[in-house]
Amino acid sequence: MAMGALWRALVLAVLLVAATTVQRTDAQLVENFYASTCPNVEQIVTQAVQNKFDQTFVTVPATLRLFFHDCFVEGCDASVLIASPNGDAEKDAKDNISLAGDGFDTVIKAKQAVESACPGVVSCADVLALATRDVVNLAGGPLYSVELGRRDGLISRASRVAGNLPEPFFDLDQLVNMFAAHNLTLIDMIALSGAHTLGFSHCDRFSNRLYSFSPSSPVDPSLDPGYAQQLMDACPRNVDPSIAIDMDPITPRTFDNVYYQNLIAGKGLFTADQILFTESESQPTVRSFATNGAEFNAAFINAMTKMGRIGVKTGNDGEIRIDCSAFNS
């Protein structure tokens, strides 16, 4: 081969490698990703979620929490859905044991419906993102557009969960730092915390605020006394750990801004909830969201969109799982 031809071949090879690299690293999610390959994917998922919602309201908080737990560990790649016969997958970690089965079932059924129409095309990660949007809307929350194009991850290990999810006892600095690690701001964190307007928690996740908060004050003084007594009645000492309490004592089945009104009234269930109001840095946003539901909805949509981009696999990364609970291989 002549020197000129060889040089051109080398340049072409470099350009091809560079193009491949750009495709892998700069690929972005888009709202109409499946326009030509599965144009009805959103309607299919919405119908499947509606069917599940008609069976049980738990579909809503379970799916919403599932999306959050997925994105904060390995990124939004459906790794939390993997089931391992050895009990060592992401879902088996201590922090994920309490994830309600209805969330997993919602995604599995929606994926099965999508597979019937568009086999091997839509990722479980995208189905989970769409299903999350739908459950928020079914509970009275805003309907928003979802960016798509995620691929399913190839790693799901229980050992990689610890330290990557916020704990109910976190202070504001711990919350801010954990969310900032995922390019989420203080306002994003406060808006995403508003998801606690739905769902429930178990007594052992907040019992320290009732019986052993500090040597001088067994009951957390930031708790409204009436609410504290209500919680103690529902969660006496040594209560069955399976007993569940609504996160929002006022409107537990409606996606609204009452969560923030509860914080102002001293009715945040977790320390990590109430701290949003007691700390001066976050209190103005809590007050604003409490009085302006539209502002909260807009901030929530923005934060959910940003969270949906965390650690996504696109292009040639990952795979399109056929069964959301198992890697293809």
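Placed from the backbone N, Cα and C atoms, the Cβ positions cover glycine too.
Feature annotations, reproduced from TrEMBL:
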SIGNAL    1-27  signal peptide
DOMAIN    28-328  domain 'Plant heme peroxidase family profile'
DISULFID  CYS38-CYS118  disulfide bond
SITE      ARG65  site 'Transition state stabilizer'
ACT_SITE  HIS69  active site, proton acceptor
BINDING   ASP70, VAL73, GLY75, ASP77, SER79, GLU90  Ca(2+) 1 binding site
DISULFID  CYS71-CYS76  disulfide bond
DISULFID  CYS124-CYS324  disulfide bond
BINDING   PRO166  substrate binding site
BINDING   HIS196  heme b binding site
BINDING   THR197, ASP248, THR251, ASP256  Ca(2+) 2 binding site
DISULFID  CYS203-CYS235  disulfide bond
Next on the checklist: Centre the Cβ atoms of THR197, ASP248, THR251, ASP256, go out 8 Å, and tell me which other residues of that chain have a Cβ in range of the Ca(2+) 2 site.
Outcome noted: LEU198, ILE250, PRO252, ARG253, THR254, PHE255, ASN257, VAL258, TYR259, ASN262
Item to check | Which of CYS38, CYS71, CYS118, CYS124, CYS235, the listed disulfide-bonded residues, has fewest other Cβ atoms within 10 Å | outcome: CYS118
Next on the checklist: I'm trying to understand the geometry here, so how far is the Cα atom of CYS235 (disulfide bond) from the Cα atom of the residue listed as 'substrate binding site', in Å to the nearest whole number?
Outcome noted: 23
Checklist entry - Cα-Cα separation of THR251 (Ca(2+) 2 binding site) and GLY75 (Ca(2+) 1 binding site), in Å? => result 31
Checklist outcome for this item: Looking only at the recorded positions CYS38, CYS118, HIS196, ASP248, CYS324, SER79 (Ca(2+) 1 binding site) has its closest CA neighbour at CYS324
Checklist entry - What's the most sparsely packed of the disulfide-bonded residues CYS76, CYS203, CYS324, counting other C-beta atoms within 10 A? => result CYS203
Checklist entry - Cα distance, ASP248 (Ca(2+) 2 binding site) to ASP77 (Ca(2+) 1 binding site), nearest Å? => result 29
